[in-house]
Amino acid sequence: MGGRTRTVSASSDFSEYFHEINDRQVDDISIEFFYKPHTITLLLLSVGTMLYMAFTRDETVSHQNNIWTGMCCATFFFLVISVLTFPNGPFTRPHPALWRLVFGCSVLYLMFLVFILFQDYETVRSILVFFYPELQNFTIDMDESNWGQNCNPLTFDKIWSSLDIFAFAHLFGWMMKALLIRHYGLLWTISIMWEVTELLFAHLLPNFIECWWDAIILDILLCNGVGIYIGMKVCRWLEMRDYKWESIKDISTTSGKVKRALMQFTPESWIQVRWMDSDSPAKRVLSVSLLVIAWQLTELNTFFLKHVFQMPPHNPFNAIRILCLGPIVAPTIRQYYLYVTDRRVKRMGTQCWVYICITLSEAFICFKFGRELFKQTVVTNVLIWLLLQMVITFVCVYLCVTWNRRQEIKDVGNDSGLDLNSSVLDTPQPGEGGRRPSPSAERSADLRRRAGGVSARDRLNAVASGAAPRRSVRLGGAVSEDGDRF
């Protein structure tokens, strides 16, 4: 009897690429100790901590303290299980366990939102007062900030006095947004549309009322503009680097080993994103438009939650929520980008799915518990907001596609014939010493190239032809172009 030939379906290949964005494995392990399983050690430490807390603390202090301690211990065990079982996501630096922990936090927050959605207003307020007793007697009317007053005449002293901690947080936030989205067109669209959102929702949220110079000078030009510029410059600098990671075992000096360990907290690689190409299909255009609208909804949730549940701006809940959502958004954007741009990725990443549920759950909570507030809604303003969202987003996408088409035509007409945005090599190349990289490394490199990244070999070819600046740095080993270690 003849042997049976095994065939691999196309869906199997698609699943492999989905696996790369949902549960990416470490291609090259340099510090083996941190990647060996320590499940028994973690089990003993977890159980030991639970027993110590259960039998040594004084349970007669108050029942509130008992509830708080029990919730903290339950949360601790849930996050431990998250580190053990949840997928890595698309990132592996500084360690996959960190991103499993981030995913666990997102699931935990989603469960909390679902629980809140089925309570009444008084119950939710009592929960918030349990965590933050200072909210007991606070109402939103007690916020005595002067919104949009004393706007004219414009003086330097007024602008200088407005540069508070929130302005610097605003600037830093837009730097982080630039590192995540990496596209000037989308960033400026989100920036301008947010000011339009504040203008049209000011009748519901008093803190949206601001002077014209606050919106144009401080927000759009200063905080947003400078933040976008700095973030994009950092992206450009990271794109130009040639990432060659050296194992810590191959470094002889102590200072080199320490530097390699610290550089574990830097990106393993950095791709050049291409949200829109000249041949972008309708699905990609629609998906990018939805990204802009979803970003506006996420920002709106921040202010509506604070207003509906009557929390002051300095309440820790606001800061904790933003600090938790920041790391959650990073893998979410990467998974959404690859789902939109790579036709071989047929499934949305798990972290992206959870974040969409978080955003919608927050919106549902705002609508449910803010009915009295939304009765004051000026319907015309909301309709204008929706219309402007669609029109401005469509115009942004159209202009970006047109710009990319002209750039590609310009590149084709270039005598060098070199396109730094595409991969020169269609097949995996042998590694150093004639060895081929591992299958997972081949899939990762191929996925990065198709997502818009420029391979190291492409950059070296560009350098040799004089079409791009040369910046070759061996990360970890820290080797300069002349071969000197620094």
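For all residues, glycine too, the Cβ spot is worked out from N, Cα and C.
Residues or ranges marked as region 'Disordered' in TrEMBL: 420-486.
Feature annotation from TrEMBL assigns transmembrane segment to 33-55 (among others).
The transmembrane segment annotation in TrEMBL covers 67-86 (among others).
Per TrEMBL, transmembrane segment is recorded for 98-118 (among others).
Residues 143, 147, 174, 177-178, 215-216, 219-220, 224-225, 228, 232, 275, 288, 291-292, 295-296, 299-300, 303-304, 307, 373-374, 376-378, 381-382, 384-385, 388-389, 392-393, 396, 400 of the same chain sit 6 or more residues outside the transmembrane segment (186-206) yet have a Cβ under 8 Å from a Cβ within it. The transmembrane segment annotation in TrEMBL covers 186-206 (among others).
Residues 148, 151, 154, 158-159, 162-163, 167, 170-179, 182, 184, 187-188, 191-192, 195, 198-199 of the same chain sit 6 or more residues outside the transmembrane segment (212-232) yet have a Cβ under 8 Å from a Cβ within it. Residues or ranges marked as transmembrane segment in TrEMBL: 212-232 (among others).
TrEMBL lists 352-370 (among others) with the feature transmembrane segment. For the transmembrane segment (352-370), the residues of the chain that approach it from at least six positions outside its boundaries are 103, 106-107, 109-110, 113-114, 116-117, 121, 124, 294, 297-298, 300-301, 304-305, 307-309, 325, 328-329, 331-332, 335-336, 339, judged by C-beta separation under 8 angstroms.
Among residues of the same chain six or more beyond the transmembrane segment (382-401), those with a C-beta under 8 A of the stretch's C-beta atoms are 183, 185-186, 188-189, 192-193, 196-197, 200-201, 275-278, 280, 285, 288-289, 292-293, 296. Annotation comment: TrEMBL describes 382-401 (among others) as transmembrane segment.
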